[in-house]
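Read the structure below first, then the notes.
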Amino acid sequence: MPEQITQEIFEHLVALAALELNPDEAEYLRGELNHQLAAIQELSAIPLDADIPASLHGVPFPVEVRQGLRQDEWQPYPEPQTILKQAPETSDGYIVVPDIPHTTLE
Amino acid sequence: MELCDLSAYEIAQHVRSQKATAVQVLESCLERIQKVDGRPGALDAGELTAEDRLRVHAFITLTEERARAQAEEVDRKVAAGEDPGLLAGVPVSIKDIFCVQGTPSTAASRILANFVSPYTATSVARMEEQGALVLGKVNLDEFTYGSSNESSAFQPCPRNPWNLNHVVGGSSGGSAASVAAGEVALSLGTDTAGSIRQPAAFCGVVGLKPTYGRVSRYGLIAFGSSLDCPGPMARDVTDAAMMLQTIAGPDPKDATSATVPVPDYIEALEEGVQGLRIGLSPDYFRIAIPDARTGKYHTEPVPAEFEQAVLRAAQVLAEMGAEIIEDVPMPNARYGIPAYFVISRVEAASNLHRFDGVKYGYRTQRTPADLRDLYRKTRAEGFGLQPKLRILMGMYVSAAQYSEQYYQRALRVRTLIRRDFDQAFDPDGAVYVDALLTPTTPTPAFPLEAVYGDSVMMQYADQLTVPANHAGIPGVSLPGGLTAEGLPIGIQLLGPDFREDTLLRIGRAYEVATQDDPWRQEEPQSAHL
């Protein structure tokens, strides 16, 4: 069957995914994507009556088994340093990142 | 028999009655790990050596000091006459997709290799409160994306204790291997398409996927948020029941955990199967074999040994008083994999966007031009091929112009899959059953490297387990025999929402009835290392 994910579509997906790929990776991944799409073509042939709804999850989740919303209360985290310590670069309690792409308004 | 080979139930009994101390149990497990596990999984591990090929490699991180402190505390409680908890002195491993405070929590990915969790997953905390000894974090497919553990960034990947040249299954492969090899009595796994049940089947242990909402997902690094279920892996049904008892129940930290009361699973175990209706479905005795090049696939019967194992179990259960209902229709089960290819990828792509080299985890060492370039370089270097593939697929099938054709359609197919189960488990329905009995997997554990790389074929390893994830219902895989080659065969029980008690009860009855079967006397290859 024809390849659905052309080089052009693939490059668009890679950009959306915030990835960059070397040529070997790109070839393997585009090939596998097309194989996977071929494998799911069956979905389009399944007869679906118009009244069949989408299920976002399988088990019904009626209000009786939900915990309900808790109060929206501010609670200080006891050790913020343990969280900040995980960041690759910090300064004075702030997380440091490179320049954010932006346009200077006139 | 060494302490580490006892069941969790027996270990807790020994520790409570002071026949053994928790520290002695720990020493026994550490000795077993030393003997069979080999070098732990690591990044950039180099070539496999001849010795590597003869080891199990279940662990990524050993947490010996943590376990020792826990063991000493259990022994102190016993000596002081305090309650040491349901899992007193029971050694456990944790799939490295769970956060455990102060331990590396890697998801078997380079992008989280340096992440030390500042908090502990609810299910782990609950086991620790009940006296479990956490021996360490075990290997998995990177971010759980696979059915063999070969995609882990931490190599050597686990090898099947029953035949060290075969895969352990996945994604909870290190969990299954560590239990099968007697390194721990219990392991905490997760199941998104079969990731507890399939490796349990491959490694000859019990693996239970609870109902979605039965066990908190707090502290679980998310893959498919509408499908992921933490659950127990154990060497027998009683142990799985003890572990589920410990981890089940609502959690204020997970809004999707349900407030449905948790029954006494252990008490229900010995109730037998008299009067229970157990179904067989022809739709679970056929498997699809895809040809990825053409997009076509053909169907075949499951291997004869698998069919025989399931029918033998049905016969045993019938002799104990269960009613076997044949020909339960499950016509939409076959759409489980195609729908999963879409739904799980969309959820995975969404969940993986948080890994960006800013807040925690790996950051590229190259100098990025700007923030977006930092994201791209970090993710390019940090993710392996399988996460990249899932992100790209998720992007495609949820894109505005394709969503109707793929994602929205897959969600509606999910409704059909759920309806099959609703009808089968409806007490007023045409064919009412309390549980379905099926094979767990389409094949036994395949040789290492035989399937890896073919992402379509690998996904089809989950074809008999994934319908339960779409539907959210519970399922358990039980050891059901050995193939002529000596590889474990798994049989699966599927039940209605929140009826894990029924599945455990049937499983226990089957276990008792087959206790003297010759295959149950066999030991895995790892017992002779």
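Cβ from N, Cα, C; glycine included.
Any TrEMBL annotation is an automated prediction that lacks curation.
According to TrEMBL:
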type	residues	note
DOMAIN	B:55-504	domain 'Amidase'
ACT_SITE	B:Lys95	active site, charge relay system
ACT_SITE	B:Ser171	active site, charge relay system
ACT_SITE	B:Ser195	active site, acyl-ester intermediate
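The average pLDDT computed for the domain 'Amidase' (B:55-504) is 96. In this structure, the CA atom of B:Ser171 (active site, charge relay system) is 5 Å away from the CA atom of B:Ser195 (active site, acyl-ester intermediate). For B:Ser171 (active site, charge relay system), the count of additional Cβ atoms within 10 Å of its Cβ stands at 35 [all protein chains shown]. Taking every protein chain shown into account, B:Lys95, B:Ser195 are the active-site residues, and of these the Cβ with the most other Cβ atoms within 10 Å belongs to B:Ser195. Geometry remark: B:Lys95 (active site, charge relay system) versus B:Ser195 (active site, acyl-ester intermediate), CA distance 11 Å.
DSSP assigns B:Ser195 (active site, acyl-ester intermediate) to coil in the three-state reduction, outside any helix or strand.
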